[in-house]
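Chemist: Below you'll find the structure I mean.
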Amino acid sequence: MEKSRIIIALDYPNEEQALSLVRQLDPAQCRLKVGKELFTRAGPSLVKRLAAQGFPIFLDLKFHDIPHTVARACLAAADLGVWMLNIHALGGLSMMKAAQEALANHPSHPQLIAVTVLTSMDQAALSQIGLAGTPEDNVLQLALLTQEAGLDGIVCSGQEAPALRQTLGKEFLLVTPGIRPAGAAPKDQQRVLTPREALAKGANYLVIGRPITAAPDPMMALRAIEAEISNV
């Protein structure tokens, strides 16, 4: 069975609630994302536990620091057995290269991707922090820098995926948050698409949180999304 393209964001405030969902899942059904809140509360032991159960883990901590510090943090993450981790492209070329080189010989070979422009930021928000151009302009510039650094891909909005796929080639991973099934409210992410739309535009993986984790029946929500994307 092909590994799932759905990454479930474990947006829970504690380990017990996260594990309550995980116990309903099979590693062949999905991948799991552990972010800042859950990692800070539950620690590396939870990541190790989930990885040991066979779940591909995306550790979403968005490292952004001087090159040496980020490189060491990436190695520490890889030692937890994660499938994927991320860093901030705004940390620059040297920082990204240091992270990539640190992981190059790690036995687990985790996927290293970069965050470009946060999906909560529209053009007005970018202007407020001094970045000229549209979100798409900034995403493309940072994506090219990420590829130059030798990373495996980026986190991006599905709306930018067609242009990125054309520019960066078919092997470059596009991991897309801001996914809401048809009819769901967009919440705090501005550049949103349905799962089907995002894959059709070139995304490789879909990060989906509240539409599954906050659903009355999370497994029913997951199955509905799987049905929606089954022929894309």
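The backbone N, Cα and C atoms fix where each Cβ goes, and this holds for glycine too.
So Swiss-Prot says this about it:
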- LYS62: active site, proton donor (ACT_SITE)
- ASP11, LYS33, 60-69, THR119, ARG180, GLN189, 209-210: substrate binding site (BINDING)
Chemist: Report, in whole Å, the straight Cα-to-Cα distance of LYS62 (active site, proton donor) from THR119 (substrate binding site).
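Modeler: That comes out at 14 Å between the alpha carbons.
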Chemist: Provide the number of Cβ atoms within 10 Å of the Cβ of THR119 (substrate binding site), excluding the reference atom itself.
Modeler: 25
Chemist: Across all the protein chains here, work out how many other Cβ atoms are within 10 Å of the Cβ of PRO67 (substrate binding site).
Modeler: 18
